[in-house]
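Colleague: Next up is a structure, given as structure tokens.
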Amino acid sequence: MATLPLTTSLRLRPLPKQSPSIRSNGLHRSISLKPNTFSPLLSLKTPTFSHRIPTFSPTFSHRLLSVRASAASSAPVPVPAKPDPPKSPPVGAAIAPLTASIATGIILWLIPVPSGVSKVAWQLLAIFLATIVGIITQPLPLGAVALMGLGACVLTKTLTFAAAFSAFGDPIPWLIALAFFFARGFIKTGLGNRIAYQFVKLFGSSSLGLGYSLVFSEALLAPAIPSVSARAGGIFLPLVKSLCVACGSNVGDGTEGKLGSWLMLTCFQTSVISSAMFLTAMAANPLSANLTFNTIQKTIGWTDWAKAAIVPGLVSLIVVPLLLYVIYPPSVKSSPDAPKLAKEKLEKMGPMSKNEIIMAVTLVLTVGLWIFGGVLNVDAVTAAILGLSVLLITGVVSWKECLAESVAWDTLTWFAALIAMAGYLNKYGLISWFSQTVVQFVGGLGLSWQLSFGILVLLYFYSHYFFASGAAHIGAMFTAFLSVASALGTPAYLGAMVLAFLSNLMGGLTHYGIGSAPVFYGAGYVPLAKWWGYGFVVSVVNIIIWLGVGGVWWKFLGLW
């Protein structure tokens, strides 16, 4: 084995204070550096050369360190192997989920059309369910899956191009997308962090306390803001996202479970509860009241609705966050130092900046229009566009940043696609056929009105998997189910109330079932499988609370 005897000598000399330069003379090179550097000189004999190499030192003044070495024989120097080039991320669709989605559509397409259903309605159902399977299994991003579903509708002549893309003119998908742009302004200006730190300062000693503070804040705004998309998505989503980031829970870095996953799911699931508590808390609630009057000639007033919903609603608002805290807990449950740290952060942020003030004023303006829009004849999406216009004009948010919000555009695409397909399932008569078939079946069982109504309630509730809009579901099935429930002996006013409440609660089943769902799901903190799984669990708990506790309360009120 070759040996390498070394002789070393050290000499220090100052480097000239000048810009880096290189002088070359044969094999001898020197590099002169700015102050605060070291430059070791390594000399090898046979052959002999010297080379000054710059290094950096934070503590010593610049010196020249010379090291001389002699080698009687040279040993081969191993050449490090080149690292493998990074692998490219997978491109294209995941084959197994794509196959499952297509197979679902083909199988249903080939099944004989039931009596009473048109061929085109059955074909649209096949494409719709195939799209739903694709959205669940995600062989491609959600927007791409939905776009393929619309393409299949047009290709098979099931829908015209105008019909397939008609929901892109619906205000709800755009309101959802605008909510993401507002969230960008919250985060960019720092206003979201400021508000988040205030919440942490007041309630941040525990994750549960923080969650409840958000839940009841949203519930207090519910009667004043009739759009759950605007309320939960436009106001609370940016705040929740800021809180998650402030607590070190981010998407994509493995910290989602620290706080974000639980907080996002909790705030979403309680948004459907607060929507059920007031006549003016969700845009489709007045539709339920109107259909009730048309069907049984009884009026559901604002006070009547709130009085009937307040007890089961409050119980659900208390139980659901605690339930999710047990079955889907945040990893960080207690943070006694958080309020102190939040206070320090607020002091460091100082007074509000100009952009923060503009963002805050714009938010107040938009929320004001959401609250009083009915009086001023300004709908929710128009108010949101006006607010975004202010942010764009003042430069708080740029259009380039809006275009970069890929989740917003993806959500707009798949949500609009589902609304279009679900809407035409109703127009083609499939939903009315389903309603009539169900009510005839239940009516033929000869059960008591309580059991019959219970079956009707479950069928009405869980058929929402086929809807991307509460208003569409109410319009398609509310009258039929209320009529049959009344015919089977259910107190008509009670039946109307229960169906109206459940028309909100069923929105928590999926990530597309109500306006706030795509916004919170799009934040990326909760995987789709968990979203659907916990959505089903919470739905069971809500039904038990509203029919159990609510049933006792309604008995006390004399509704049955």
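If you go along the chain as it appears here, the first residue is 1 and each next one adds 1.
Placed from the backbone N, Cα and C atoms, the Cβ positions cover glycine too.
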Colleague: If I go by TrEMBL, the feature region 'Disordered' sits on one of 1-28, 57-84. Which?
Modeller: 1-28
Colleague: Can you say which of 147-169, 492-514 is given as transmembrane segment in TrEMBL?
Modeller: 492-514
Colleague: Taking pairs 6 or more apart in sequence, does the count of Cβ pairs under 8 Å between the transmembrane segment (357-376) and the transmembrane segment (171-187) hit 3 or more?
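Modeller: The answer is yes, given that the two segments have at least 3 Cβ pairs within the 8 Å cut-off.
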